[in-house]
Amino acid sequence: MSNPSAPPPYEDRNPLYPGPPPPGGYGQPSVLPGGYPAYPGYPQPGYGHPAGYPQPMPPTHPMPMNYGPGHGYDGEERAVSDSFGPGEWDDRKVRHTFIRKVYSIISVQLLITVAIIAIFTFVEPVSAFVRRNVAVYYVSYAVFVVTYLILACCQGPRRRFPWNIILLTLFTFAMGFMTGTISSMYQTKAVIIAMIITAVVSISVTIFCFQTKVDFTSCTGLFCVLGIVLLVTGIVTSIVLYFQYVYWLHMLYAALGAICFTLFLAYDTQLVLGNRKHTISPEDYITGALQIYTDIIYIFTFVLQLMGDRN
């Protein structure tokens, strides 16, 4: 009978006390079959479930990051407003959705404007009323300026639905009333020809911007100078024409305005299309529609002045 206080003999097959080593030690195989043994706690070969740790997950791909120059973009930095960087614009789906949304809004705006111009031009009582009551034009101009400044300068209303749609609708109707009032002062033939010329110019510029490799967005300084020149010329022309009408000066200003806003249309179109030095954030679809629509309407008004057939 063994002493209870003595350590258990090797013959006791207690799992906590392995048996004595065989004579000569353990043999080492030349090649370990099946690779290295599993570390304690990890699943042993042949078992379908882990012993203590979960199975390792498959590797995940990193999300696209907004890298600066020198990180995969050949050192060229694309300036994008807010938090949207080149990574987001590399996604064709995001860009195409943005472009479709912008041009859908522009199409609705142009349809409303053409309808107002048609009413003010072809319906004689309406045409006579707006020619006699110039206050309609000035009220529309005030609404146009206020809504344009809010949409262009205030990010909150521009991005918050439904305020952005409400402001854009007010802006569109104000611009339509202004354009309709101007159109009522010209012959119907001149209005139709100006519409056709504007449509041809706008479509041609859009197709050109889709195809060309010329980056108009890199010439921001040039467009600022053009805008200042057009503004100063407009002020001088208004002062001169207020005292005495000078036909050639009026035509010169109209031609300069048509050329400048055609270039502005190319610039704003490339801002919307993306993949240029400067782009518009995908959240600012209202801004894209606002700019392109304004360019098209101003091209129409300047071309209409060049036609010169007043009532």
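The backbone N, Cα and C atoms fix where each Cβ goes, glycine too.
According to Swiss-Prot:
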| type | residues | note |
| --- | --- | --- |
| COMPBIAS | 53-62 | compositional bias 'Pro residues' |
| MOD_RES | Ser81 | phosphoserine |
| MOD_RES | Ser83 | phosphoserine |
| REGION | 1-37 | region 'Disordered' |
| REGION | 50-72 | region 'Disordered' |
| TRANSMEM | 110-130 | transmembrane segment |
| TRANSMEM | 134-154 | transmembrane segment |
| TRANSMEM | 165-185 | transmembrane segment |
| TRANSMEM | 190-210 | transmembrane segment |
| TRANSMEM | 221-241 | transmembrane segment |
| TRANSMEM | 246-266 | transmembrane segment |
| TRANSMEM | 286-306 | transmembrane segment |
Annotated stretches the transmembrane segment (286-306) and the transmembrane segment (190-210) touching (3 or more Cβ pairs under 8 Å): yes
Stretch-level contact, the transmembrane segment (165-185) and the transmembrane segment (134-154), CB cutoff 8 A, at least 3 pairs: yes
Long-range environment of the transmembrane segment (190-210) - Cβ separation under 8 angstroms, sequence gap at least 6: 114, 117, 121, 183, 216, 262, 265-266, 269-270, 273, 296, 299-300, 303-304, 307-309
Surrounding residues of the transmembrane segment (110-130) on its own chain - C-beta under 8 Å, 6+ positions past either end: 136-137, 172-173, 175-177, 179-181, 183-184, 188, 191, 195, 293, 296-297
